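Trainee: Pulled the feature table from Swiss-Prot, pasting it below:
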| type | residues | note |
| --- | --- | --- |
| BINDING | 10, 11, 12, 13, 14, 15, 127, 136, 137, 199 | ATP binding site |
| BINDING | 31, 36, 57, 58, 59, 85, 86, 87, 88, 92, 160, 171 | AMP binding site |
| BINDING | 130, 133, 150, 153 | Zn(2+) binding site |
| REGION | 30-59 | region 'NMP' |
| REGION | 126-163 | region 'LID' |
């Protein structure tokens, strides 16, 4: 089974990727994990990515594709894998198609987790984090015992700039602009399936499994 997961920030895509990986016994592969792995191993790709990020630049398709190629050459992907955060563009999607075809493999399904903008804004803008220990809370879903203060060390909680409503909306708009061509790409190939991303992680997993079985 080879799955690709799409979804805006706050849609719970990463959580579903982990649950699906455990359910089907295949690795969950995210671009963030790949970057961190190469950085930790001190590879040439890792050094290149770090230099680009330190300079405030964007990692090119070629570099990302090379990391994916390296990751998919490992034996743990023999039964399949779940990709989270890649591909992000139609060019990357075409590269992945060619890479898989050269190994006699193909994508099983592309799952797009859809969540209304208001729900995403509420979900993300409610996050509060502790600047001291890094603990993360949510004002309604997972509040601290004393509102505004960390349970562990009583430090004042803060809202990250990325989590402010106006910035969440901006990220949503950027995601939509980048992802619509990708969704059209996979829809034209009959691979795209939409999953409602509202509910408990377990409930969404159950819906996802029904979609995969259909």
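Glycine residues also receive a Cβ, built from the backbone N, Cα and C atoms like all the rest.
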Trainee: Between 88, 160, which of the binding-site residues has its C-beta surrounded by the fewest other C-beta atoms within 10 Å?
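Mentor: Selected from the binding-site residues 88, 160 on minimum Cβ neighbours within 10 Å: 160.
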Trainee: Restricting to the same chain and to residues at least six past its boundaries, which positions have a Cβ under 8 Å from a Cβ of the region 'LID' (126-163)?
Mentor: 171
Trainee: Taking helix as H, G and I and strand as E and B in DSSP, count the residues of the region 'NMP' (30-59) in helix, strand and coil.
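Mentor: Summed by class, the stretch gives 22 helix, 1 strand, 7 coil.
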Trainee: Identify, among the binding-site residues 59, 153, the residue whose Cβ has the fewest other Cβ atoms within 10 Å in this structure.
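Mentor: Each of the binding-site residues 59, 153 was scored; lowest Cβ tally within 10 Å is 153.
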Trainee: Reported as an integer number of Å, what is the Cα distance between residue 133 (Zn(2+) binding site) and residue 57 (AMP binding site)?
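Mentor: Residue 133 (Zn(2+) binding site) and residue 57 (AMP binding site) have their Cα atoms 29 Å apart.
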Trainee: What are the DSSP helix/strand/coil residue counts across the region 'LID' (126-163)?
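Mentor: The counts are 3 helix, 10 strand, 25 coil.
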